[in-house]
Every structure is written in structure tokens, then in C-alpha cells.
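Colleague: TrEMBL lists 18-180 with the feature domain 'Histone acetyl transferase HAT1 N-terminal'. Look at TrEMBL and you will find 192 tagged as site 'Interaction with histone H4 N-terminus'. Per TrEMBL, the feature active site, proton donor/acceptor maps to 269. Residues annotated as domain 'Histone acetyltransferase type B catalytic subunit C-terminal' in TrEMBL: 279-330.
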């Protein structure tokens, strides 16, 4: 019996060597020049691969597995190849390697290259690639490394633009690697709007365009004759993150809808923490010059006037306007002054306590329906101390988030 169990561990050890972390195995590139193919500095990896490879984010059956997904920077033509140093052999090891290829094929559209030469010859045609749709906004960012200003443009596109449908199929594959709960959208639904960010760059004297990121927005119908655009997906590709493109994109989208009389306000679907921070910054930047947010009015508390003005002029909904108010009021408040800081704290906590109050109302209702002995003591009294602690914690967290927004605003 003993020899059997030690034999198993040897086998297990051997099989363990054939497990690869798929976040490391997948190598992504956005290629502008042929030499980018050999340059490790242009490679980046997914943050997530669980939607394709399961919660463990592991591929079994290979040593030294590399899953190469290289994209031409502009039109995103794809090279897909799998490399490895060795693979388990069914005859000897009695186990089968994962079918990595078919898992990737499920998410990338057909028509990709499998060898480098074909890919490089496509790269030469890239000079013909132009952004889709209508130009909304041009801006530039100073790049330290290049020692120059780089120009970016934001376009609004739709499925009627020639070639856009196929391009979007390639673009959306990035969602799987960088958004935790990503899903592909139904592009045949005409209510989708697409906003795209491109960088202009030079190659052999010509101006070319590289894909930086994008946002999809769904136009919900609101009775009788309005729409409520809802931001669904937003991604700035990793090589461009941290350069302010997300803020430019979100502000441009807001400005686009602001000019439309039929739009009520803009919302977001299941926003991530990072998106909320980005939105706080953009909305505060848009709102800070409205009259209703003048320091004097901020000190009088949150008002219906703020709700109306932010919605009518900037298409911002009530809940987001409330956050903008809290951030701008923090800026106008001298937190070193006991009276001012107490008044601010109470104002924010009053909003934060809303959900607790609701819970207590529900409990009171239950109490009326239940016999006293059915109510445990714990139910009888939500521990008030704990409630205060949680409240204080939420408040401190908010204030530190708000301060970050204000710092970024001061630098903008």
C-alpha cells in the first residue's frame, strides 16, 4: 500500500509540472512596427483569464506554454499562435492536455493569422486604416519618453460604418482579459453607441492610427419621448492606462449627450470602483462652475436646484449629483474648523445612514407581526455601536476617495 501512495505522488509531481498559469501564458501585443514582435517591452498580460480557462486560471498539459495573441495596433488584425517546450503524451501519461486552441477560438473571430510572415505583410497595409465614424474630440498628451506631444482623437461609430462590425469583434476580445465579468453585446441591437479612442502616430512619413480604448453605451427608452444612455463597457488598453484617456473619453461622451434634448441623464451598468473614481473626477470637473455649486450654496446643503441644473445642463442623475455636491462641499469646507467639519460629517452620514434606517423600519414591521419570544435579542437591537463604527469607516473611506478626486482636479 505504501509504495502505491508514494508512486502516486511522483505521478502527481510530474503532472504538476504541466500546469501553467494562463494569465502569464497569454501574451498580448499591439504591433506598430515589425521589430515590436521581438521586443518584450511591447508585451502585456491579462488581468483575468477565468472566463476562458476557469476559476483556477490554469491550463493543463504543457510546459513553457505561450499563447500569443498579437494585434496590429490600428485595425486589430490578429496573430494567434501556441508555443510550448513539451506536452503530456496520452500514450504514456494516460492524461490529455487541455485543448487551449479551441478555448481561444471561441472568443476570437475567425480570419486570424497563424504565422508571423502573413501578419507582417498585413502590417504593411496598416497605412490604409482610418478611424470609424464621426470625430468628436481631439486632444494631446505630453509624452515624457518621446519628449513630444502625442495627439489622440475620439470618434463615435455605429454598425453602418463599413468594416466596423468586424473590427469591433476583434476589439471586444480584450474585454475578456481586462474586465472581470465581461460579456459580448448584441451588436444587431441598434440602440448601442460606440465611442473609440485612437492615437495618431508616424511611420515612414505617413500618419497612422492606433486603437487606445473604447466605450459602449446603450440607449434606454424612457416614456414618452426620452432616452437614458447607460454606459455598459469601458476599456483603455493597458499600454495606455494612467495617461488620462478614460477621463477624456467619459467627458467627451457626456458632452456628446449633453447636446441632445431627448436625453434625460446618463447612468452606468454595474460600475467598478475605478470607474466610479473616474466618473467622480469627470462630473466634478464639469459641475464645478455651475452657479448652484458656488461655495455659499454648498454650505446650505444639497438642494433641488443642484439636481435640476446638473440634469438639465450636464445630463447627470440625482445620485451622481449628490456625490458631486459632497466632493465640492469638502473642497469648500475647512476641516480644521470644528463647526464646519462637524456639519459636513453629519450631512454625509445622514445620507449613509439611509440603508440602516430602512433596515430598522423593516425590523420594526417584523416585530409587530412576530410574538416577542420569536425575536432573538440580536434582532431586537441592531448593535448601535457597530452601526456607528461602520458608519464612521464608510465616512472616512469616502473622504479619502473624495480627496483623491480633488487632488487630481487641482492638477488638471
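Just so you know, glycine gets a Cβ as well, placed from its N, Cα and C.
Just so you know, TrEMBL annotations are computer predictions that nobody has curated.
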Colleague: Cβ atoms within 10 Å, counted per site: which of 192, 269 has the most, among these recorded positions?
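Modeller: Max Cβ neighbours within 10 Å, all protein chains included: 192.
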Colleague: Measuring Cα to Cα, how far is residue 192 (site 'Interaction with histone H4 N-terminus') from residue 269 (active site, proton donor/acceptor) in Å?
Modeller: 14
Colleague: As a test of reading the model: what is the averaged pLDDT for the domain 'Histone acetyl transferase HAT1 N-terminal' (18-180)?
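Modeller: Computed over the domain 'Histone acetyl transferase HAT1 N-terminal' (18-180), the mean pLDDT is 94 on the 0 to 100 scale.
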Colleague: Run through the domain 'Histone acetyltransferase type B catalytic subunit C-terminal' (279-330) and tell me, per DSSP, how many residues are helix, strand and coil.
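Modeller: Taking the domain 'Histone acetyltransferase type B catalytic subunit C-terminal' (279-330) as a whole: 41 helix, 1 strand, 10 coil.
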